[in-house]
């Protein structure tokens, strides 16, 4: 793009040199910079993303009369480099030195150059608009690629036609409102460096963001700058970081601007100029041996403390310029807090010293920074801010690790913090209603953006906290928030959870009674409705005139707060779960244009994300994304034996999760019933769930599984689970191949929502591909293009399963556009390592191009093209499936033909040959043509693929990873962890708390995990404390919940409170089991100073008289650990071996003998009777 600008300058440069030279004597010193910055008109779309500094008064506009300032740079007669001269110190040098012939010919090129300039500028403007609309992470799938390439070709053609023109001129923007004219005495000629950046989409802009002074990147004299080739810039740890080479640096010379200084930590605060630190120029004159040369100060990094190291060649005097490295600085790094209120004020200049030759810079190259990137780079670099010695707190954003590259986008800096009018009320509700104490990634920014009336698109993985992003704003905002959700079960679960938080919410679905619906409509029609969240289905919105009338009534009274589209991937036809009623939701934007909209999803690749925003007609939405990585999930793919898959599931469950809840996904209803029956027969509580059951039966099965009442495993089709927020699902097993990566990610993501380690297991067989292809072809809805999309999604899933080399986690994230994930994540977290990373690298890469060519020729000779099964065939052609081809290639006796490639693959194992042929299908070298037999069976026959000819022509090489052995169910040794006694008590306490919540759930008719989540219960158990003040510090525990359920919870915690309270422990006597602590040499005999052991309280001769039980084969440590002879203290206190208290031998033997037979049970004190807190009183009575 920037080369186009260079040619543009060249067209008019010669014709204007003379005129500029004549005018130079009339120019004021401050006017030079102004003329430079007044050449390019900016479109409104060029700076919609910019956050304005909100100045007190509008900046004055500048005259666009002078278009070019070529006299700023002066050709050096000695070395040919450009020299920068001050206009006050050397006014006689302002006239350019040109040869006479060049001056005479400049007028002849003026008209032609001006015409060419207009053409090139128009082309450049179009390209800029296109590039500005493309985020970097979408460049691989941009929708305007064709148009962009056409514009680039047109530009090259224009540049070729203008080869005879001189390009030694500089263009400046026309209408740039900047601070350069505030001080007419400011010395011009100081370079402003504008480095390249990335294209930034208009996502995230606001209608008011159009007042920031902007700078369009300028192209400078190509003869005045040297080239820095292949300069690799460090990647910034930001959401859309990238690596770029062959970058360019552009130096301009507006009036004096303050220079940010780099602190010792590598971060920079934009400093407001002062008398001591500001010298009227960005260039400082060094002392010593280099006193004759100017140097540019160290480049500032962004105020967000992003790390970008300097990579310019050593010794280059210009290497300190911040543009050399800060090529990724763009809107995402813009921080409004970096601007000072008085940034427009004039700066007192100093005497301009004699100007030395200008430093050398790299020329422009194709693919350079877009307009908006350079605009923000120049604006951020030129705007004064706080002094570097006193940086503003809260402005820095630490760089994230590569494992989460899509979080903390600096473009959302203006939504961070608690500086808004709603912040106080929001925090109050956040703490008191939701019982939370800290926000997760992007939650605070998304909530603030919603409360500021922005459209928001939120992409967070399951468990990332999407619901809070609209529930908390709904509680803060006036009016009703309408939430559109796809499933009734999901709606009921969300409303139920909100009611436990005392948040007014309700729902309107097709199955509620007319009386209940009338009550809801009556409430909505009130002057001040108490309902904060109204949940509806998309079908209800599209079909119910009564609901639309109620919404219009709220809209007219300005009580319609926002629309929330949950599971927004259903909107896109490119998504894995497209629904027509979702696509019709754009009617909400048309009917209620001013109502903000929020779309949320956990599964959407870049293409689907863009389609969702377009379909819903969202207005410049703020996009909040997170890493798709689910850090607590362990991914495995195992080979499937279709007739034994149910037994394989059973064995795996009994081995790894014998008592945990899980889901088994099956392809058909029949498989659900069959799998559930086999599991039940083997003693595992399993039930089937599919559309063939009645509504009442489905609800019953779901309720049993959710509450763990007679159902541990649910065997379901893929439709199950979207509406269930059960947090403690420890495993998800796919007994059949999913239809797409998106579907697999969402279905497997239903495990481990509480953050605990969970398994995602997939049984894979290529035979499932044929079944799924048939289902896709039988779909009534959709055209051939939609079917092809589904086929592509299916083969992406097959490729995931066939890949035995790359990490499973990295494959999933790469599909969603997250390509810079930490490749060592599995190695760094062995508890969730995937099967590919845990497997030894027992494969070797082999070039199999020759073998593949033989296979292609065989298929050409014996098989047909796609769609040729029922058509005319060549003589001798046949129908061969992949399995038949494998037999022929291996040279098996059962092969249908024993010629051609017969036996050529005898050196391979059958497993590798099968993988090779499947790879050829995935790589589109071969293809499969589906044929339906008379018995309604689907058979896939091998035909040539679209890339077969490329292989034959030698244009495509085939690499294959050959493994030594076929994959099988690995025999992994179950790790037996030795738990300390306190850990055992925590586990026992957690079990009792869970049972208590289940009892409370039955009484209050809510799911037990909606009372306290699994993670909250675990934190409560880990405290082993019954102190309400301690419990209130835990996320998810509020005073309202303690008032409802506190008595029962504290009653359980009282049993374990002596583990944390020494005073309580002092009142108890703990006995040990016979033969444990009392045996000689035991390592576990311990007691507190004030606790008397029953062993030491008895007769001293008791040790010699006691006999060991003859059948005792257990270890001493195990007996002791269950005996409870150690006392632990909370708050980090260490347990220690206790000395016997004086007089311990005089303890009552009666008490000792009475307790000895109890088998080392803990002594439990009576529960305390609460008196100080009213909410500790029991709230119910168990009959």
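Quick reminder: no glycine exception, Cβ is built from N, Cα and C everywhere.
For the ranges 771-774, 775-778, 779-782, the feature annotated in Swiss-Prot as region '3' overhang DNA-binding' maps to 771-774. Record note: among 554-557, 558-561, 562-565, 566-569, 566-569 is the stretch given as motif 'DEAH box' by Swiss-Prot. For the ATP site, Swiss-Prot lists 439, 440, 441, 442, 443, 463, 464, 465, 466, 467; matching the candidates 750, 753, 787 against that entry yields 753. Per Swiss-Prot, the listed range annotated as region '3' overhang DNA-binding' is 892-896 (candidates: 852-856, 857-861, 892-896, 912-916).
Given the ranges 353-380, 381-408, 409-436, the record in Swiss-Prot names 381-408 as region 'Disordered'.
The range from 1070-1086, 1104-1120 that Swiss-Prot describes as motif 'Nuclear localization signal' is residues 1104-1120. Across the residues annotated as binding ATP (439, 440, 441, 442, 443, 463, 464, 465, 466, 467, 753), the two Cα atoms farthest apart lie 18 Å from each other.
Highest Cβ count within 10 Å among the binding-site residues 466, 753: 466.
Mean pLDDT across the motif 'DEAH box' (566-569) comes to 89 in this model. Counting only same-chain residues 6+ beyond the ends of the region '3' overhang DNA-binding' (641-644), those with a CB under 8 A from a CB of the stretch are 765, 767. For the binding-site residues listed here (441, 443), the lowest count of other CB atoms within 10 A around the CB belongs to 441. Its Cβ taken as reference, residue 439 (ATP binding site) is surrounded by 16 other Cβ atoms within 10 Å in the chains shown.
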